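**Q** I have a structure I would like to understand better, so I am pasting it below and will then ask my questions one at a time.
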Amino acid sequence: MCSHTQPARQTELRLLRRSRERDHLMPADGVMEGGREERISADFTLHPVCSSAPTLSVPGEPVKKDENSRRGNWGNQIEFVLTSVGYAVGLGNVWRFPYLCYRNGGGAFMLPYFIMLVFCGIPLFFLELSFGQFASLGCLGVWKISPMFKGVGYGMMVVSTYIGIYYNVVICIAFYYFFMSMTNLLPWTYCNNPWNTADCSGVVGSGHQLNASLANATTSLVAGVSEVVNRTKRTSPSEEYWKHYVLNISDDIGNFGEVRLPILGCLAVSWCVVFLCLIKGVKSSGKVVYFTATFPYVVLTILFIRGITLDGAINGIKYYLTPQWQKVLDAKVWGDAASQIFYSLGCAWGGLITMASYNKFHNNCFRDSIIISITNCATSVYAGFVIFSILGFMAHHLNVPVSEVADHGPGLAFVAYPEALTLLPISPLWSLLFFFMLILLGLGTQFCLLETLVTAVVDEIGTDWIIRHKTIVTLTVAIAGFLLGVPLTTQAGIYWLLLMDNYAASFSLVIISCIMCICIMYIYGHRNYFKDVEMMLGFPPPLFFKVCWRFISPVIISFILIFTVIQYKPITYNDYVYPGWSLAIGFAMALSSVICIPIYALYKISRSPGATFRERLKNACRSHPKWGPALQEHRTGRYAPMASEDTVEARPLKEKEELKEELKEEEKEKERKDEISLTIQGSNGSTNTHNNPNPSA
């Protein structure tokens with residue numbers, strides 16, 4: 001078998017190189033050719049019975065594991081699913097969904113939430129996964145489907161950049177709290193610290209009872225009726241620890257003050273962790289997610305079991321789930337449900353396209369999209385039980401309504417929940433678990449954000465050098481992200497963090513997603529895309545998804561946009577009202593991603609061939625010749641290469657046969673001139689292995 005298989009591969013390799021020499025083609029002229037030569041070279045691994053050279057493969061084991069040897073693939077499908085779950089399941093599932101749920105009707109909120117999941121969340125998720133997987137390219141490269149809309153890809157990169165900058169600052173604060181929890185007594189337990197004020201009133205006293213100051217600072221209950229007496233607003237030790245010690249917050253967004261060195265150090269730690277986990281791209285991050293994507297569920301379960309055993313936990317869960325059916329008729333509830341589904345799944349960030357681009361071509365991304373979307377939403381509901389069981393216990397301990405201790409956003413993660421943890425026995429242990437869970441949830445999203453940017457850069461440049469040195473690109477992006485995050489570690493950092501969170505990734509994501517749907521369904525053509533998906537998966541998209549992609553999802557996205565505009569309120573932080581100039585910066589950040597779309601469209605139209613504007617517009621919208629599956633073996637049907645294409649794969653069969661005949665003539669000529677040389681060559685595995693006197697061959 002060796003004497004026949006090996007020369008065939010040698011001949012194929014020489015045939016490919018010979019055709020390139022004939023047409024003066026460079027090895028990097030096309031990904032398909034280069035990838036094919038790599039595959040041929042990789043397959044040309046000598047078996048020990050064919051050569052005395054060191055072996056590079058084990059008999060019976062495939063030499064090439066990656067389908068796309070030039071770009072790489074996930075090690076297995078579990079890595080992709082776990083990475084996507086880690087990307088979709090983030091901090092918002094813990095600190096935003098439970099708050100939205102009880103604010104919008106408790107259990108009644110679940111109805112619009114799951115309706116939006118079915119008609120908007122899962123279809124958009126499937127659309128982005130199939131889009132990236134079909135082309136095996138990141139959020140920039142996929143726009144070969146319609147080059148005029150490449151600005152959408154740039155907009156996704158801008159959004160991912162903003163989110164990546166401030167998201168890692170949140171992770172670094174979680175790191176800080178995690179390190180501060182490594183003590184016998186949590187530092188935000190009592191009011192006897194240098195940073196506390198006279199208004200501080202702790203919940204932990206002698207024997208874990210309310211102290212006297214708390215009785216004067218909280219709601220008193222008379223005859224079962226809650227009545228708020230004249231009192232000053234209670235300031236908890238955890239809130240003062242957060243504001244006066246961790247942040248040392250300034251009085252204005254323009255007053256940066258000093259850099260908080262402990263936070264800066266934790267930011268460096270956070271970026272180092274992200275870089276080390278991505279040092280080999282999806283090959284390294286795919287292994288890390290086995291831990292980062294699964295362990296948060298272990299922590300959630302531990303906290304849930306502990307929470308439901310506490311006094312008052314049932315009241316908290318009832319408050320979280322009790323249906324208020326009259327609110328189902330409120331448009332705001334449906335708007336919140338649609339927005340939460342849209343933002344929670346990470347649509348239009350570019351991460352879903354990027355992660356799917358490393359899948360094998362025939363992977364069932366339809367199944368994956370359903371699994372990941374449902375897992376994400378189920379995690380949100382589950383986290384609500386964990387959060388409100390603890391908050392119910394805290395409300396019971398303080399003898400106040402649950403609404404007075406419930407919060408969302410950073411206020412829940414770094415004020416309300418840490419305070420509740422001080423009431424638990426062995427509180428440092430529960431604090432360590434909680435903040436470790438926040439770190440892992442944040443890292444799962446941050447991995448994909450960074451990989452989105454790196455993949456977009458590498459795919460866009462596309463040279464062999466940049467592919468081999470992808471680690472350098474990753475390091476460069478990580479260093480840039482760290483430096484851009486330094487201002488967020490100053491005393492005014494929390495103001496800027498919330499400004500970016502509210503504006504950088506708000507209505508701009510909705511616009512980007514809507515334009516993406518319109519481009520694929522109506523510019524490229526829904527029939528073309530349905531055929532692409534069928535060619536990739538082996539079956540067409542279900543009718544339900546066809547209808548959603550064309551009509552329902554764009555309508556819901558438009559509804560989200562209108563809802564966002566109508567419900568807009570200027571951002572505030574506690575009692576601080578943001579000045580007008582800072583809001584202008586916020587809108588500028590939001591528009592900076594959207595403005596990429598018309599700017600690039602005008603640029604592409606101006607550079608496209610055509611005598612009139614209409615001709616240029618038509619050419620700018622037409623798919624690029626290289627649009628389609630990345631690997632040659634997958635380019636079948638309408639993507640099959642034509643005889644006129646200038647690649648060796650597309651050459652007519654007759655020309656290939658002529659090249660083979662020329663090679664055979666050359667071999668015969670060499671055989672006649674130097675028979676001894678051929679004999680030596682045969683001992684190394686050439687076509688004349690029958691002349692080899694070595695009996696081991």
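Cβ coordinates are placed from backbone N, Cα and C, and glycine is handled just like the others.
Heads up, TrEMBL stuff is auto-annotated, nobody curated it.
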**Q** Quick one: which of C172, C200 does TrEMBL link to C191 by a disulfide?
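**A** Record-based pairing for C191: C200.
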**Q** In whole Å, how far does the CA atom of N93 (Na(+) binding site) lie from that of C200 (disulfide bond)?
**A** 30
**Q** Go through the chain and flag residues at least 6 beyond the ends of the transmembrane segment (580-603) whose CB is under 8 A from any CB in it; none is fine as an answer.
**A** 148-152, 154-156, 158-159, 162, 253-254, 495, 499-500, 502-504, 506-508, 511-512, 515, 570-571, 620
**Q** Near the transmembrane segment (110-131), which residues from the same chain, at least 6 beyond its ends, have a CB less than 8 A from one of its CBs?
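**A** Tertiary neighbours of the transmembrane segment (110-131) are 101, 142, 145, 328, 333-334, 337-338, 340-342, 345, 347, 352-353, 355-356, 365-366, 368-370, 372-374, 377, 381, 513, 516-517, 520, 532-533, 536-537, 541, 545, 548-549, 552-553, 556-557.
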**Q** Taking the mean position of the Cβ atoms of G86, A88, V89, N93, S344, N376, L441 as the Na(+) site, which residues outside that list, in the same chain, have a Cβ no more than 8 Å away, listed in sequence order?
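**A** Here the nearby residues are V85, Y87, G90, G92, G346, T379, S380, G444, T445.
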**Q** Out of the binding-site residues G86, V89, S344, N376, L441, give me the one sitting nearest to C191 (disulfide bond) by CA distance.
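**A** Checked the binding-site residues G86, V89, S344, N376, L441; minimum Cα distance to C191 (disulfide bond) goes to L441.
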**Q** Around N376 (Na(+) binding site), how many other C-beta atoms are within 10 angstroms of its C-beta?
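**A** The answer is 24.
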**Q** About how far apart, in whole Å, are the alpha carbons (Cα) of N376 (Na(+) binding site) and C200 (disulfide bond)?
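**A** Rounded to the nearest whole number, the Cα-Cα distance is 38 Å.
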